[in-house]
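Visitor: Structure incoming, see below.
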Amino acid sequence: MTHDRPVDPDLDTDATDAAARAVPQHLRWSSVALVAVGGTLGAALRELLVLAFPVTGSLDVVIFCINFSGALALGVLLESLVRSGPEDDRRRHLRLLLGTGVLGGYTTYSTLATQTARLVGDGQAGLAVLYSLGTLLLGALATWTGIALASWLRRPRRSRRSA
């Protein structure tokens, strides 16, 4: 569709759609807002858990559990979205809100790094290595488990029984 005059994007839906597609997803205000809202909720949930279960020893078990459960939830979420159909606005918004936002705010690998450095500074280098590598490896295992769980749950009931 060609125009001799400038196009009013509020009136011409084709121009509006084309303009919206020209802006990368990560630069759209709606995407940024979804991530910000989700991140706020996830960080608030993490803080509630940290306050409810204070650190009692050398290791912060709560942060370990938060990172582990967040990795598991991310695996479930992303696999569920992939298996529910092709990428569309609804799935993209759920991924941004829940995955990047909530779970990104909920998990905290910066605290893992800080705790690892604290353990090294306290002369517990072996525990620091065990804690950091254990968190990363078990986090990867949790993500894989989440993917497998979502894959299994999305199967028809008949094939689930035989698995």
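Glycine is treated like the rest: Cβ placed from N, Cα and C.
So TrEMBL lists the following for this protein:
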{"type": "TRANSMEM", "residues": "31-55", "note": "transmembrane segment"}
{"type": "TRANSMEM", "residues": "61-82", "note": "transmembrane segment"}
{"type": "TRANSMEM", "residues": "94-113", "note": "transmembrane segment"}
{"type": "BINDING", "residues": "Gly104, Thr107", "note": "Na(+) binding site"}
{"type": "TRANSMEM", "residues": "125-153", "note": "transmembrane segment"}
Visitor: Using DSSP and collapsing to three states, where does Thr107 (Na(+) binding site) fall: helix, strand or coil?
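Guide: DSSP assigns Thr107 (Na(+) binding site) to coil.
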Visitor: So what sits near Gly104 (Na(+) binding site) in its own chain, CB-to-CB under 8 Å and at least six residues off in sequence?
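Guide: In sequence order, the residues whose Cβ lies under 8 Å from that of Gly104 (Na(+) binding site) (at least 6 apart) are Val35, Gly38, Gly39, Gly42.
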Visitor: Let me check the 10 A CB neighbour count of Thr107 (Na(+) binding site). How many other CB atoms are there?
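Guide: 23, counting other Cβ atoms within 10 Å of Thr107 (Na(+) binding site).
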